[in-house]
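Enquirer: Relevant sequence annotations retrieved from TrEMBL are reproduced here:
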TRANSMEM  50-74  transmembrane segment
TRANSMEM  80-98  transmembrane segment
TRANSMEM  128-152  transmembrane segment
TRANSMEM  172-192  transmembrane segment
TRANSMEM  204-222  transmembrane segment
TRANSMEM  242-260  transmembrane segment
TRANSMEM  281-304  transmembrane segment
TRANSMEM  333-354  transmembrane segment
TRANSMEM  382-404  transmembrane segment
TRANSMEM  410-431  transmembrane segment
TRANSMEM  452-470  transmembrane segment
Amino acid sequence: MGNIRRTFEIIDDGDDGGRRDYVKHGNSDDRRDMARMGKIQEMRRNFKSLTVFGFSTILMCSWESLLSTAAIALQNGGSAGFIYTWLLVWLGFVAVYASMAEMASMAPTTGGQYHWVSEFAPEKYQAFLSYVVGWLGVLGWQTLVTSIAYQAGTEIQALLALNHPSYTIKHWHGTLLVIAVIIFAAIFNTLLATRLHLVEGTILVIHIFGLFCILVPLWVLSPRTSSREVWATFHDRGWGSAGLSSLVGIIASVLPLLGADASVHMAEEVQDAGRTLPKTIMWSVNSNAFMGWLTIITLCYCITDLDEVLQTPNVYPFIQVFYNATQSLPATNAMTCIIIIMATFSCVTIMASASRQMFAFARDEGLPYSAWLSQVHHGLDVPVNSVMVSVAVSVLLSLIHIASTEAFRSLISLGSGTLMISYIVCIGCLIHRRFAAEPMLPSKYSLGSMGLPVNIIAVCYMSLGFGNVACHGPPNKSGAAKGRK
């Protein structure tokens, strides 16, 4: 990976040198962390606790995303399987993100996982593992940009089909909408980058209040199925058992909860990062998981005929649920627009994280054309070249959708899998450090004596999650009629 640059600035500014210098360089702890890691402060530390929480929460947009993946869980496990597997996934991710929060407090750098591996892996494997994890992170985050842009673009297309029954959905139409979302995200990450932290606060309000703008109409207007159907009825759609079917459907819960570590890749733009990031990570995953659970329960109560919803000609069954409840196109449009807005701004934040991760890896000479990719635009204080490469990669990936939706979705699943592997490797290196009884780096967030069991649970859980993503496939159609268990 080349020699990691170990140069840094020494700032002498008295008592933090005034507001302007503080925003650029952070507090004394930020400077100390950057110096220890050998990093130069090149970007402004615009993000505070609330705005970086908004950034991370909006990136995940879990309750919005699960509406798009819900059909997988409803087909594989049914409503009861969806509700209970979501709780299991929530607990698993708490262990994963608690482990990552501790590492973020020890080494708050934009590089994230690949840098942590270089800190905690056995010395003779540090360079190799760090290089591999760096590439996994780059590939994973780039595919996530395309994935969320695809969600936003195809939801717009689905809304067009609902309002204009004569409209025929074409793959290339959807791809053009995906590219439009990507370009919108690029504009925010370049020309409007200095305002990004302010926008996150506004979108966070939409994220929270938008939930109730959708749930309340469903609570009031939708016909409801029985509590027994929701809480105690599982569906086996050809997998041989309800348990196996629910395990297959667990991917619908895993994907919406990926990405709470996004704030780590903004670490060098966060004030008092070593203290702020761990809190942000844990608050993001727990708030998103709780809102997601409310959404799942509501959705399951509103589906009185599962087959009717799943067989709807609309691309996204949740739109049919909205229409069945309200019997109104304007109301359905308004509710769906909330989902589209959140997916679009999630793309903005994912692109920010993807470009920062690419910038950091290039800064440590892990990528081709590293010197060019690691340049930071003076004035905008963002790695514009990395943003533009993220745009180009995302647009190219979106073109695959024109040829084959299945190939495109497989590629997106592969990207999610690479992120999971990076989680497994960096937490595994932390476990090695604990077993070796080597001294840990100073931290403002420590798991203490619970560190080792939490880390082990996290690795086991992520290994299961990766296996599920890697092996996800269609059920045995010959057994599809087995129905409910």
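The backbone N, Cα and C atoms fix where each Cβ goes, glycine too.
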Enquirer: Rank 128-152, 172-192, 410-431 by Cβ pairs under 8 Å to the transmembrane segment (50-74) and hand me the top one.
Expert: 128-152
Enquirer: So which of 172-192, 204-222, 382-404, 410-431, 452-470 is most in touch with the transmembrane segment (80-98), counting Cβ pairs under 8 Å?
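Expert: Against the transmembrane segment (80-98), the leading stretch is 452-470.
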Enquirer: What else in the chain is close to the transmembrane segment (452-470), if you only count residues 6 or more beyond its ends and a Cβ gap under 8 Å?
Expert: 89, 92-93, 95-96, 98-99, 247-248, 250-251, 254, 413, 416-417, 420-421, 423-424, 427-428, 430-431, 434-435
Enquirer: Top stretch among 172-192, 204-222, 242-260, 333-354, 410-431 for CB pairs under 8 A with the transmembrane segment (281-304)?
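Expert: Most contacts with the transmembrane segment (281-304): 204-222.
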Enquirer: What else in the chain is close to the transmembrane segment (333-354), if you only count residues 6 or more beyond its ends and a Cβ gap under 8 Å?
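Expert: Same-chain contacts beyond the flanks: 55-56, 58-61, 64-65, 67-68, 138, 141-142, 144-145, 148-149, 151-152, 155-156, 158-159, 162-163, 181-182, 184-186, 188-189, 196, 199-200, 203, 206-207, 210, 213-214, 217, 259, 262, 265-266, 318-319, 322, 326, 387, 390-391, 394.
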Enquirer: Are there residues at least six beyond either end of the transmembrane segment (382-404) with Cβ under 8 Å to its Cβ atoms? List them, or say none.
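Expert: Result: 43, 142-143, 145-146, 149-150, 171-172, 174-175, 178-179, 182-183, 185-186, 189-190, 193, 351, 354-356, 358-359, 362, 372-376, 411.
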Enquirer: By a Cβ-Cβ criterion of under 8 Å, what residues six or more beyond either terminus of the transmembrane segment (242-260) are in contact with it?
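Expert: Non-local partners: 56, 59-63, 65-66, 69-78, 81-82, 84-86, 88-90, 93, 97, 144, 234-236, 281, 284-285, 288-289, 292, 350, 353, 416, 419-420, 465, 468-469, 472, 475, 485.
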